[in-house]
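For reference, the structure discussed in these notes is given below.
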Amino acid sequence: MILCLRLCLRASRSFFSISTTNNNNNLSRFLFRFSTLPHCAASSSSSSSNLESYYANLILSSHGDSNKPNRKWSSHQFRLLLTDPNLLIRVLNMIRVKPEIAFRFFNWIQRQSDVKQSRQAFAAMLEILAENDLMSEAYLVAERSIDLGMHEIDDLLIDGSFDKLIALKLLDLLLWVYTKKSMAEKFLLSFEKMIRKGFLPSVRNCNIVLKVLRDSRMMNKASAVYETMIEHGIMPTVITFNTMLDSCFKAGDLERVDKIWLEMKRRNIEFSEVTYNILINGFSKNGKMEEARRFHGDMRRSGFAVTPYSFNPLIEGYCKQGLFDDAWGVTDEMLNAGIYPTTSTYNIYICALCDFGRIDDARELLSSMAAPDVVSYNTLMHGYIKMGKFVEASLLFDDLRAGDIHPSIVTYNTLIDGLCESGNLEGAQRLKEEMTTQLIFPDVITYTTLVKGFVKNGNLSMATEVYDEMLRKGIKPDGYAYTTRAVGELRLGDSDKAFRLHEEMVATDHHAPDLTIYNVRIDGLCKVGNLVKAIEFQRKIFRVGLVPDHVTYTTVIRGYLENGQFKMARNLYDEMLRKRLYPSVITYFVLIYGHAKAGRLEQAFQYSTEMKKRGVRPNVMTHNALLYGMCKAGNIDEAYRYLCKMEEEGIPPNKYSYTMLISKNCDFEKWEEVVKLYKEMLDKEIEPDGYTHRALFKHLEKDHESREVEFLERLLLS
């Protein structure tokens, strides 16, 4: 024992010969702060000090020249440091004069399986590194502490006796780690603690969390962080304002957008190129083309170089409203400015033409492109599939493979979706297998599409089998995959199992579902007639920090209309307008169709008029909804006039338009009109489907139907 003490004393003298007076003061400060040992007799205190000195000297003398931990260090050698966090803290403070070595040793300690973890030890290590500006190393230590679930470490930094500047430096670092790990809730908790105790986070960290909240669609919380910044004097930068503008556009809060850019002007913060592009893109996506145009002009007058990225949102905004002449006008402006349309520009046109049923124009545009890409083909394939033209989509797929363009996962997923929609689930499964031979492996979207197909077909056992295969392949289901399964359970009437899946998703992903998942869940509840639960979910969206969008409202409005609750639907529509959530063309379709189906044709036309007044351009769906109402009411002559009006407005009728007229003429036994309409469909290359044939021959016995279709088409072709 005496020999041991002599060795310890010798080690102590050796170590203290390298220390300075200032460092000794630091040691005293740290030993006092973290020590939880009782104040023992002098001999006990001396023995403890000798032990600390022994370990400190051992670490310093054996660390080696490498930046890596010494391979000769062993857990047996440092057993006491592994099991006694207080001793470890005191030893770390004794070697704080060599922070790199302290970090290497601490790193080594963390790799040992039997180490006893301590928040205080992590806090001590973080302070040593921060005092020496070793912030990269400090980041790794902070990340490790968070991975271990030591989220209360911020309490030690805030409430302990740390130097305030060092504490703020480390608190900012913890916030940075939280944002890098997308742990928005944990960030907000630390952020609020800091503010309450007078520790103001850096604007850089505030900007990062604003982006995380924006990307998570947690707009209410983003606004709260922004307001807190302003209230406590954290000066916002152009990045702050850009992020908030983007958040407000995504939430559809255009009134707040105006307040934010005016606040930028008031603070004399100059708009950047990014600011202008956010404003142009945001107003264009929300159909506010006059405002988008104004900021585009301001951008050019401010001397910023305009690029296709500045013009493309304008083109897309006009195209979404079917204003193709205005869109081509923007393209002419591009050319006059010496800027050539990009492949993305052409893809915008292809997508819009498909959306408006002008599939032949879209195909012609693709053929005229010098360098179409896989997105060009995928977009047109999707357009064909939406129109039920799977043969044309397959031929386009063959064209793609015949060229130098390689199909992507999106290509296969688009085709699989088309096969599922047409009920060809075996073909969809075969295409999934074919993908792997091309070294394109199914992803969560592939499997979810198949699950959705089987659910829609009522085959829940196969849906479950495909879902389980996805899990066996190690593919993690996303929110949409969980929701697709839940919708299947809802369709079978098992709402309890559906909500268990909801809880499983939250438990697995460790975060609340996003707005899309809530919208799909509300849709499923509406479809099974559970409006009370749907409304409950809609209100819950606010409580979890999300903002309902036009999709949320449209879904519940449809539920009310399908249940004949027209007043409740109108109230919800008015609430949308009060909240400055602008109804989309889908919202108006739901309102028009819901009233037309119930024989409330006058109200349906009122919504059509209101839609146009609000600058929302009708599409073939809204026109068909009115056409359906006229046919249902027996106003066949008015329906014909309306069909002509559609074509005059540049919206060509589709197979559903003709099918409704064919069906009503069959009811009136106007067979010449029926044949004329059917021939007109074929002449326009509008492919009749099963619905058309059922309408055409609904007064015949079922076994005569196929022969009559064959006879009619031979007659027309001759």
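Note that Cβ sites are derived from N, Cα and C of the backbone, with glycine treated the same way.
These features come from Swiss-Prot:
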type	residues	note
TRANSIT	1-11	transit peptide
REPEAT	167-201	repeat 'PPR 1'
REPEAT	202-236	repeat 'PPR 2'
REPEAT	272-306	repeat 'PPR 4'
REPEAT	307-341	repeat 'PPR 5'
REPEAT	342-372	repeat 'PPR 6'
REPEAT	373-407	repeat 'PPR 7'
REPEAT	408-442	repeat 'PPR 8'
REPEAT	443-477	repeat 'PPR 9'
REPEAT	478-512	repeat 'PPR 10'
REPEAT	514-548	repeat 'PPR 11'
REPEAT	549-583	repeat 'PPR 12'
REPEAT	654-688	repeat 'PPR 15'
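For the repeat 'PPR 9' (443-477), residue counts in helix, strand and coil come to 26 helix, 0 strand, 9 coil, using DSSP.
Here the repeat 'PPR 1' (167-201) has Cβ contacts under 8 Å with residues 126-127, 130, 135, 138-139, 142-143, 146, 151, 153-155, 157-160, 208-209, 211-213, 216, 218, 221, 225, 228, 232-234, 511 of the same chain, all six or more residues outside its ends. For the repeat 'PPR 8' (408-442), the mean pLDDT of the prediction comes to 91. Summarised by DSSP class, the composition of the repeat 'PPR 6' (342-372) is 23 helix, 0 strand, 8 coil. DSSP states for the repeat 'PPR 8' (408-442), grouped as helix (H, G, I), strand (E, B) and coil, give 26 helix, 0 strand, 9 coil. For the repeat 'PPR 2' (202-236), the DSSP counts in helix, strand and coil order read 26 helix, 0 strand, 9 coil.
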